[in-house]
Amino acid sequence: MNLEKYSERVRGFIQSAQTMALSRNHQQFTPEHILKVLVDDDEGLAASLIERAGGNVRDVKLGVETALEAMPKVEGGNGQLYLAQPLAKVFSTAEELAKKAGDSFVTVERLLQALTMEKSAKTADILAKAGVTAQALNQVINDVRKGRTADSASAEQNYDALKKYARDLTADARAGKLDPVIGRDDEIRRTIQVLSRRTKNNPVLIGEPGVGKTAIAEGLALRIVNGDVPESLKDKQLMALDMGALIAGAKYRGEFEERLKAVLSEVTSANGNIILFIDEMHTLVGAGKADGAMDASNLLKPALARGELHCVGATTLDEYRKHVEKDPALARRFQPVFVDEPTVEDTVSILRGLKEKYEQHHKVRISDSALVAAATLSNRYIADRFLPDKAIDLVDEAASRLRMQVDSKPEALDEIDRRIMQLKIEREALKVETDDASKDRLVRLEKELVGLEEESTEITAKWQAEKQKLGLAADLKKQLDEARNELAIAQRKGEFQRAGELAYGKIPELEKKLKEAEAQDGKAGMVEEVVTPDHVAHIVSRWTGIPVDKMLQGERDKLLRMEDEIGKRVVGQGEAVQAVSKAVRRARAGLQDPNRPIGSFIFLGPTGVGKTELTKALASFLFDDDSAMVRIDMSEFMEKHSVARLIGAPPGYVGYEEGGALTEAVRRRPYQVVLFDEIEKAHPDVFNVLLQVLDDGRLTDGQGRTVDFRNTLIIMTSNLGAEYLVNLGEDQDVDAVRDEVMGVVRASFRPEFLNRVDEVILFHRLRRKDMDRIVEIQFKRLESLLVDRKITLSLDHEAIEWLAAKGYDPAYGARPLKRVMQKELQDPLAEKILLGEILDGSTVKVTSGSDRLNFRSKPTVVATEAAA
């Protein structure tokens, strides 16, 4: 006996059988030991062969176990095993069978065959009693082998290769496991057309990720099962190849090729009855290629060219260009079928078809208006993904969120339960007290506790009953779905009596029960069970940060008072505040042009009048955070090439993978304020990039991705024409110099750029009367810095007037005032705090002197503590 002639699996079994014989204290190594390890094998090749040959595996296991138990045991032996004569004959028979079949190695099935044939071995009787005959087993082995010989030590791995490395889509379609495929008739028809060709009958579905390429393959499987295909495709099997399973565990060179050859051999020997579906087809190129080995695509080419292999591929446009088109020999063997993104209307139809499956899974109802909202909102607000995938995901997540709410405790019940817990803790504390007041309190508390516990029990029962009703409707939907699948199977098999019972008996009855259950659910209760457009809008807002969901009354009031809110921070610029507020209100009311940014403005005015401050105030108003904006300082973009910093470097340049400062910020957060500060400082060519942003609300970055700017508010600031605005009189309006200022602007920017901006807003130079208000705003900021120290500041009217007069300079706006306040107020205050003249918790009154401010400090903490 030469072990080199045996396959790896058989060698492993022989070793396991020896170990088992020693562990059972047997002295002889017999055929029963071999049969025992064969039928106990996890991968179950021997067990599968016995079943297919008409035998009972359970009977074999019982028979072999009984035989092993009856064997003599030798305690305290020398650990040696003796080969029994019957087993030697079994090995000899197995080697002869392998030689006769032209095999290079003795495989598991030949060993099993020898166990049935060798009459001197008890295993032949055990297998015969279980219903296995040598003739039946031989027939099954020939079916499994399909004419192939065992040429390698791992030959068993390649039996039933399609079962291991592919999924039968037609079997899934028959079992009703596939989602219905709605629409896509043209693409499926085109795929069938290519499959029906004589040669090169291999379509490849090419489209963006998420447009439904895999769904088309599933649609083809459903059509084959329903017989809705031409004669040439009737009763074909569509198998989805799993490239991951094919490559996984192929450790040695040649193992991957062997597996793939086994798959191809099975497909070829099926005489065109198997169509192979390869999802992510680009993975074929280079798959398994290592140390000079052939990759999968080269192994497939000959079979594809001869028409022996029927194949449907699917890949994205980018991957097809990157991998498949580079190999023209592979590309010419496939016929591209382009799959476009469906329209919003088609997406709604697709969602309607899938609705039942999602209702069944989440056990909630999904309204039709929610499906329409999912299609329209995803199309408008989720720019970097494709329909119908993004719309399906929205519906799925909205239903998941609602289900989570249904399973969570209602708010009213949660509040009562928390109150009960609080009272129970209080009761335990009061039990220790002996005074009358505590005893009275305990009696009252016990009474309240009883009432709350009754209320809690009542609400819990009501909530559980409503949940149960929802569960009943979900169960009925599941039963209805199963009944419809059963009806389809019965019609396909021609079992018309069963089909009639289902169509006119069971299905109408279930539909009636479901209608009644849904009518019960429809009544208002504690549990919300229908997914509405509001739920979908909430998910969109969570994904993108864009406020699409329904405005609450508080937000409406806030938007209507927007001018007043921003006016608290920006002084003397009513026209600018109003223009920006109107743009935001238009956007939130849904009346803005959906293909342009929310608004685009150029703020013109002298330095220090509040151009950048207005933008910060706007970001703070919309997002409660001054820094919630993209601020691009255009003074950094004075060279022509610096535009790459905005949109990202082109391919081949350093930093290509990093993306641009502007495009990446907006991609991550599509709803925000974008500020281009000091635009006149930038190189004129930089503005060419902004033309598409201002007109179409989109920009293509260095990597070719389209970034959506339709939900941004674009503000540009500039000092152009400031000299005209500074020289205006105290009571003169900016319209008096508008033409002169616009003349300077037109000389600096191209007409096509200015023509795309919504409005050019001129900022007034700050008047003397505005300065008092600015002093108050700056003073409030200083007060907020002292909150931690509990120091209270107060500034009298004369001090405000003194600071405003000292800090007023029409040419420089509010910035000189900031410097004056720093020098005259903050610096002396800091010194006094450090010297200990002003203590934490003091009240400081600031008054004006002839040439400086006076500080009077009065400690308040001590008094407060004494009172306490």
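Each residue's number is its place along the chain shown, starting with 1.
Cβ atoms here come from the backbone N, Cα and C positions, even for glycine.
Remember, it's a predicted structure, so these values are computed and weren't measured experimentally.
What Swiss-Prot says about this protein:
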type	residues	note
DOMAIN	3-147	domain 'Clp R'
REGION	6-71	region 'Repeat 1'
REGION	83-147	region 'Repeat 2'
REGION	160-341	region 'NBD1'
BINDING	GLY207, GLU208, PRO209, GLY210, VAL211, GLY212, LYS213, THR214	ATP 1 binding site
REGION	342-545	region 'Linker'
COILED	392-523	coiled coil
REGION	555-765	region 'NBD2'
BINDING	GLY605, PRO606, THR607, GLY608, VAL609, GLY610, LYS611, THR612	ATP 2 binding site
REGION	766-868	region 'C-terminal'
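Location within the structure of each feature annotated in Swiss-Prot.
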residue : record             : contacts (Cβ under 8 Å, 6+ apart)
GLU208  : ATP 1 binding site : THR316, LEU317, GLU341, PHE386
PRO209  : ATP 1 binding site : THR316, ARG385, PHE386, ASP389
GLY210  : ATP 1 binding site : ARG385, PHE386, LEU387, PRO388, ASP389, LYS390
VAL211  : ATP 1 binding site : VAL339, ASP340, GLU341, PRO342, PHE386, LEU387, PRO388, ASP389
LYS213  : ATP 1 binding site : LEU205, ILE206, GLY207, ASP279, ALA314, THR315, VAL339
THR214  : ATP 1 binding site : ASP279, ALA314
GLY605  : ATP 2 binding site : LYS611, ASN719, ALA722, LEU725, LEU762, PHE763, HIS764, ARG765
THR607  : ATP 2 binding site : ASN719, ALA722, TYR812, GLY813, ARG815
THR612  : ATP 2 binding site : LEU675, ASP677, THR717
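Geometry remark: GLY212 (ATP 1 binding site) versus GLY610 (ATP 2 binding site), CA distance 51 Å. The most densely surrounded of the binding-site residues GLY212, GLY608, GLY610, judged by C-beta neighbours within 10 angstroms, is GLY212. Using DSSP to sort the residues of the region 'C-terminal' (766-868) gives these counts of helix, strand and coil: 57 helix, 20 strand, 26 coil. Counting residues per DSSP class in helix, strand and coil order gives 46 helix, 2 strand, 17 coil for the region 'Repeat 2' (83-147). One way to see the shell of the ATP 2 site is to take the Cβ centroid of GLY605, PRO606, THR607, GLY608, VAL609, GLY610, LYS611, THR612; the remaining same-chain residues with a Cβ within 8 Å of it are PHE603, GLU613, THR717, ASN719, PHE763, GLY813, ALA814. Using a 10 Å radius centred on the Cβ of LYS611 (ATP 2 binding site) and all shown protein chains, the other Cβ atoms total 28. In this structure, GLY610 (ATP 2 binding site) belongs to neither helix nor strand by DSSP; it is coil. In this structure, VAL211 (ATP 1 binding site) belongs to neither helix nor strand by DSSP; it is coil. Residues ALA215, THR316, VAL339, GLU341, PHE386, ASP389 surround the recorded ATP 1 site, their Cβ atoms falling within 8 Å of the Cβ centroid of GLY207, GLU208, PRO209, GLY210, VAL211, GLY212, LYS213, THR214, which are themselves excluded. According to its DSSP assignment, GLY605 (ATP 2 binding site) is coil. With DSSP classes pooled into helix, strand and coil, the tally for the region 'Repeat 1' (6-71) is 46 helix, 3 strand, 17 coil.
Within the same chain, the residues at least 6 positions away from VAL609 (ATP 2 binding site) whose Cβ sits under 8 Å from its Cβ are GLY572, GLN573, PHE763, HIS764, ARG765, LEU766, GLY813, ALA814, listed in sequence order.
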